[in-house]
Amino acid sequence: MNAPLGGIWLWLPLLLTWLTPEVNSSWWYMRATGGSSRVMCDNVPGLVSSQRQLCHRHPDVMRAISQGVAEWTAECQYQFRQHRWNCNTLDRDHSLFGRVLLRSSRESAFVYAISSAGVVFAITRACSQGEVKSCSCDPKKMGSAKDSKGIFDWGGCSDNIDYGIKFARAFVDAKERKGKDARALMNLHNNRAGRKAVKRFLKQECKCHGVSGSCTLRTCWLAMADFRKTGDYLWRKYNGAIQVVMNQDGTGFTVANERFKKPTKNDLVYFENSPDYCIRDREAGSLGTAGRVCNLTSRGMDSCEVMCCGRGYDTSHVTRMTKCGCKFHWCCAVRCQDCLEALDVHTCKAPKNADWTTPT
């Protein structure tokens, strides 16, 4: 009996992953719906009851989240710009990314983390700009305080990131909290990692007051860093993401390979290896790399060898208008000429198999 039971436990993590329902964050589709909050709340498919309640109760927050979707998707596309999968979105798909994120891959881990971070960033910024009725600047940052440079007064408007994190947790995590499967736990972990990433780059900014800028008095406030810092940080976490399996009681993770460290709350986790994204694959949700621009001189992921998966590339000769002969004129302008520049553009060849054009 021991051998069969041991075999069952060995396969259990894989079974939990395979039996995972098709989890996706339908709130991502808020970017496409737009319009009034009522229209948005009623027409975004797949929202759970608590999400719809928050949506109707806080229309101003929903507007911020909706506007933020474009921001974090753009950041995702920036980070993946030189990779085979480039975080492409599908406007007519309510999951925004299609089937590609149904796989519990490291790409899914990154998207859930960056989207959760994007919600925190968008809500917190809207609070500071006075666009949300239920929050404002951080009320805890008042009076005097002390740092390594001495005593200062809290002033200005400190970003109320705790409100942003609290609302993001309630709204973004709602759907995953209803599930007890492996994918839901993975999403919750990566959502939290994304929220923590934004707070990691909260920085103190100060203004000096005194004769000739002597800084006799200082007024300080806390401000979020540019979202690019969060994106760069999560990109590093993506490259160091840890593959995990469910533990035997189904309540948490353990590393898939004992040589790797146990993931912290800041790490991204994933279950399944990624496809190679070389060819268009309906089931995997991959658009392939045919027609993608590649870099002939690079040795990285954007090189023609890697990007084109060994299929080769086509070269076209193009001309483009560019600025040239720029000169500085006192004071204070830079004047340039318009010049035509000839260059070679290299694009990946399509697979020889004609089935690659099958639409996803």
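Every residue, even glycine, has its Cβ placed from backbone N, Cα and C.
Remember, it's a predicted structure, so these values are computed and weren't measured experimentally.
The signal peptide annotation in Swiss-Prot covers 1-25.
When secondary structure is read from DSSP and collapsed to three states, Cys87 (disulfide bond) falls in the coil class. Cβ contacts within 10 Å of Cys87 (disulfide bond), excluding its own Cβ and spanning all protein chains shown: 21. Annotation comment: Swiss-Prot describes Cys76-Cys87 (among others) as disulfide bond.
The annotation disulfide bond is assigned in Swiss-Prot to Cys127-Cys135 (among others) on the grounds of similarity to another entry. DSSP gives Cys135 (disulfide bond) a coil state; it is part of no helix or strand.
Here Swiss-Prot flags Cys137-Cys157 (among others) as disulfide bond, drawing on similarity to another entry.
Annotation comment: Swiss-Prot describes Cys206-Cys220 (among others) as disulfide bond, evidence class similarity to another entry. Within 10 Å of the Cβ of Cys206 (disulfide bond) there are 16 other Cβ atoms, across all protein chains.
For Cys208-Cys215 (among others), the entry in Swiss-Prot reads disulfide bond, with the evidence type similarity to another entry. Secondary structure at Cys208 (disulfide bond), taken from DSSP and collapsed to helix, strand or coil, is strand. Taking all protein chains in view, 13 other C-beta atoms sit within 10 angstroms of the C-beta of Cys208 (disulfide bond).
Within the same chain, no residue at least six positions away from Ser212 (O-palmitoleoyl serine) has a Cβ under 8 Å of its Cβ. According to Swiss-Prot, the O-palmitoleoyl serine annotation covers Ser212, on the basis of similarity to another entry.
Residues or ranges marked as disulfide bond in Swiss-Prot (evidence: similarity to another entry): Cys278-Cys309 (among others). Here Cys309 (disulfide bond) comes close to Arg84, Asp276, Cys278, Ile279, Thr289, Cys348: these same-chain residues lie at least six apart in sequence, with C-beta atoms under 8 angstroms from its C-beta.
Marked as disulfide bond by Swiss-Prot on the basis of similarity to another entry: Cys294-Cys304 (among others). Around the Cβ of Cys304 (disulfide bond), a 10 Å sphere holds 22 further Cβ atoms from the protein chains shown.
DSSP assigns Asn295 (N-linked glycosylation site) to a strand. Other Cβ atoms within 10 Å of the Cβ of Asn295 (N-linked glycosylation site) number 16 in total over all chains. The N-linked glycosylation site feature in Swiss-Prot is assigned to Asn295.
Cys308 (disulfide bond) falls within neither a helix nor a strand when secondary structure is assigned with DSSP, and so counts as coil. Residues or ranges marked as disulfide bond in Swiss-Prot (evidence: similarity to another entry): Cys308-Cys348 (among others).
All protein chains considered, the CB of Cys324 (disulfide bond) has 11 other CB atoms within 10 Å. For Cys324-Cys339 (among others), the entry in Swiss-Prot reads disulfide bond.
Within the same chain, the residues at least 6 positions away from Cys326 (disulfide bond) whose Cβ sits under 8 Å from its Cβ are Val334, Arg335, Cys336, Gln337, listed in sequence order. As annotated by Swiss-Prot, disulfide bond applies to Cys326-Cys336 (among others), with the evidence given as similarity to another entry.
Counting only same-chain residues six or more apart in sequence, none has a Cβ lying under 8 angstroms from the Cβ of Cys331 (disulfide bond). Residues annotated as disulfide bond in Swiss-Prot: Cys331-Cys332 (among others).
The disulfide-bonded residues listed here (Cys76, Cys127, Cys135, Cys220, Cys332) include Cys220 as those with a Cα within 10 A of the Cα of Cys208 (disulfide bond). Long-range neighbours of Cys157 (disulfide bond) (same chain, six or more residues apart, CB within less than 8 Å of its CB): Ser128, Ser136, Cys137, Trp221. Ranking the disulfide-bonded residues Cys127, Cys220 by how many other Cβ atoms lie within 10 angstroms of each Cβ puts Cys220 at the bottom. Closest in space to Cys324 (disulfide bond), of the disulfide-bonded residues given as Cys215, Cys294, Cys332, is Cys332, taking the CA atom of each residue. Remark: of the disulfide-bonded residues Cys308, Cys332, Cys339, the most isolated position is Cys332 (fewest other Cβ atoms within 10 Å of its Cβ). Note on the disulfide-bonded residues Cys215, Cys278, Cys348: the fewest other CB atoms within 10 A surround the CB of Cys215.
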